[in-house]
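Let me begin by presenting the structure, written as structure tokens, before commenting on it.
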Amino acid sequence: MGEQPIFSTRAHVFQIDPNTKKNWVPTSKHAVTVSYFFDCTRNVYRIISLDGSKAIINSTITPNMTFTKTSQKFGQWADSRANTVYGLGFSSESNLAKFAEKFAEFKEAARIAKEKSQEKMELTSTPSQQESAPGDLQSPLTSESINGTEERVTPDTTQHTEPRAEPSQNALPFSHSSSNINKHWEAELEALKGNNAKLTAALLESTANVKQWKQQLGAYQEEAERLHKRVTELECVSGQTTVIKSQKTELNQTIEELESALKAKEEELERLKAEVESANDFQSQKDSLTQKLQDMESRNQTLEAQLSDLEQRLESNQQEREAFRNSLRSLLELLDGKLFELTELRDTLGKLLENS
């Protein structure tokens, strides 16, 4: 069945700086999908993460690896084969705990698989079973080796990285039948060459399809970048909203001051009216104060209209921002779906290569 995803989560991916060996270097602009894969044909567990079409994590789990929680939402592990240290930043403690639990589980499974492989090697190391060694020549021509993703094999595994040198060692106990064995190996080699040619043709065809998918993915990435810029603009608008709120507070204070001043003027007007009743000389002063009162009321209405307009603008900006966030969230979900489809397509291609 090839490699199958058995657990997935989302996290921000980092790698240790190869120069300083101290600072973390982010390898993804945003949270990406990080998945555990299991290859049932080789009993191998791997951690794989893609940022677009680029593999930013391709780490094979070995029994001597350790996943360390360095904070409440951050964990790391060292990969000696890749000569680096990977770090993952999660959105919650529960996601980190679940990932660490799966890491320990698959690490134990890798240890058991390694022990079983060593026992199998001990059982198959007898001279009678070494005669079947030519069949092991097929192991380097897997779908992973054609795609360039074949992992480096440790000395305790059953795969052979130098198939031409191995048969001569196995043939030492059978020097009297070396010519027959060589003919058998040559026939196996010719069959492997034919299979390799078929797989190469299929790979070329799939490469053409991958180029088209990369173009589509590039278009999606450009759209995502445009949306990120739009989010930045809306965040700037959000910053302006704070200024508008402060202006609104100042306007409210001004209105309160005007209202208090208006009350004072009204009291003064009442006093002046009493004086007008006692003296007609104050009539002109009364008219002046009445005009001032009207001006104050007009100004008050203007300020109230401005305040209402600011509130409407603030509500409109908040609605636009919420709608944009919803559209961005939908696009991110669409991108996740496309990435998952690409992963399934890669698995399908692997199956086709293996069936070929």
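Here, residue 1 is simply the first one shown, and the rest follow in order.
Keep in mind that glycine also has a Cβ here, set from the backbone N, Cα and C atoms.
The domain 'WH1' annotation in TrEMBL covers 1-110. If you look up TrEMBL, you'll see 117-178, 279-298 marked as region 'Disordered'. The annotation compositional bias 'Polar residues' is assigned in TrEMBL to 123-132, 139-148, 167-178, 280-298. Under the heading compositional bias 'Basic and acidic residues', TrEMBL lists 149-165.
In terms of DSSP secondary structure, the domain 'WH1' (1-110) contains 18 helix, 54 strand, 38 coil. Each residue in the domain 'WH1' (1-110) has a pLDDT score, and their mean in this model is 91. Broken down by DSSP into helix, strand and coil, the compositional bias 'Polar residues' (280-298) contains 19 helix, 0 strand, 0 coil.
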